[in-house]
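Q: Feature table excerpt (TrEMBL):
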- 1-366: domain 'Major facilitator superfamily (MFS) profile' (DOMAIN)
- 30-53: transmembrane segment (TRANSMEM)
- 65-84: transmembrane segment (TRANSMEM)
- 90-112: transmembrane segment (TRANSMEM)
- 124-142: transmembrane segment (TRANSMEM)
- 154-176: transmembrane segment (TRANSMEM)
- 197-219: transmembrane segment (TRANSMEM)
- 225-246: transmembrane segment (TRANSMEM)
- 253-273: transmembrane segment (TRANSMEM)
- 279-302: transmembrane segment (TRANSMEM)
- 314-335: transmembrane segment (TRANSMEM)
- 341-363: transmembrane segment (TRANSMEM)
Amino acid sequence: MRALLLAVFSAMLGLGIVSPLMPIYAKDLGATTLILGIIYSSFSTARTIFTPIVGFLSDRLGRKFFILTGLALYSILSIFYMVARTPEDLVVIRFFHGLSSAMVVPSAMAYVSQLAPKGEEGRTISSFNIAFLTGMGFGPFLGGVVKDIFGLRFAFAIMAFLTALAFILALPLPNLKDRTNFRVKAILNRCITSLMIFRFSTAVRMSLMIAFFPVLISYLKGYEIGAIVSAVILSNAISQKLFSGLVDRFDRVLIATISGLASTIIFIVLPFSDDFYRILALALVMGIFNGLATCSACAIAIELGRTYGHGAVMGLYNTAMSLAMMTTPVIAGFIADKTDIPTSFVALGFLSMTCLFIFHATISKR
């Protein structure tokens, strides 16, 4: 599994480098706030369409083909970002970027899920999430430094190199399949539906942090923006390392709900802070609660994967995220154009909170 984790880290490091720079790059090409939302939504539209299909097929055909194909596309598309000239170019490129992500992420998560021993789901999935998040966490800080020194477009060249490296690291992976028979009625299973609602809730917050928060704090220096985004992600990873044992011993639903609510409250307050150090402190605390919530939800997903297929369940879990990231930027962009960006954070923060209450009320009946 080490080869997979190294590949995931390398790929996410490359993607993380450009993540906080994408809205600034789009603005430089002339994108309005609404078009910025569409750029991010095109990525998630592709993920929403293809993630459940890839999850289902990876159970039957094996994970390796999808992981390698997705990583190859990541690297190729990095070059297309560099030559983009209009916001419309970014919409198309982001759609195919979403397709490649739909191949890599659920397949890699299903790979780890299938190897998780019973009773150690939290510890096992935390190893994957740490590799995923540390790559994404260090990336924004490095991206901010690269922007300040070399300019925006050079960041895409680094992404191309790192995703190509991830492809090479993933080549020795065995081709795991899942013999569990997936049933279509699994989509209607209360526990899976509740878990998807939870993932939707967390992704609403995540999509706004990625798409609009860098614009909101664009008055800061590039390395400060990168440090804040990195703080959210790295504290998420560290909390999973420290507290995954709690997830394996105590009520996962309760941990996910309480942590998710705490994170949402901070999310609503965050846009009204204008001091770098205050924002950084809030970002760190929010990341810790995000980590606890994510680790708990993923552990629940692994349990369900043993019944319905790891690829299928992880595919549905990630589809909920993609659905939120497809719709949220457009809704937030509309609200921000009519009012302002902080108002969009408040409105969608309360939507996220409502989803958490629904999750707890429905999955607790399992």
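Using the three backbone atoms N, Cα and C, a Cβ is placed for every residue, glycine included.
Automatic prediction, not curation, is the source of TrEMBL annotations.
Here the structure is a predicted model, which means the values were calculated and not measured.
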Q: Does the transmembrane segment (30-53) come close to the transmembrane segment (90-112), meaning at least 3 CB pairs under 8 Å for residues 6 or more apart?
A: yes
Q: Which range wins on Cβ pairs under 8 Å with the transmembrane segment (30-53): 65-84, 124-142, 197-219?
A: 197-219
Q: For the transmembrane segment (341-363), what are the same-chain contacts with Cβ under 8 Å, counting residues 6+ beyond its ends?
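A: 33, 190-191, 193-195, 197-198, 200-202, 204-205, 208, 212, 215-216, 253-254, 256-257, 260-261, 264-265, 267-268, 270-272, 300, 328, 331-333, 335.
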Q: Which listed stretch (65-84, 154-176, 225-246, 253-273, 279-302) has the most C-beta pairs under 8 A with the transmembrane segment (197-219)?
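A: Of the candidates 65-84, 154-176, 225-246, 253-273, 279-302, 253-273 scores highest.
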Q: May I ask whether the transmembrane segment (124-142) has at least three C-beta pairs under 8 Å with the transmembrane segment (279-302), counting pairs 6 or more apart in sequence?
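A: Touching, yes - the transmembrane segment (279-302) and the transmembrane segment (124-142) meet the threshold of 3 or more Cβ pairs under 8 Å.
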Q: Check the transmembrane segment (225-246) against the transmembrane segment (124-142) for contact, please; criterion is three or more CB pairs under 8 Å, pairs 6 or more apart in sequence.
A: yes
Q: For the domain 'Major facilitator superfamily (MFS) profile' (1-366), report the average pLDDT of the model, please.
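A: Average per-residue pLDDT within the domain 'Major facilitator superfamily (MFS) profile' (1-366): 84.
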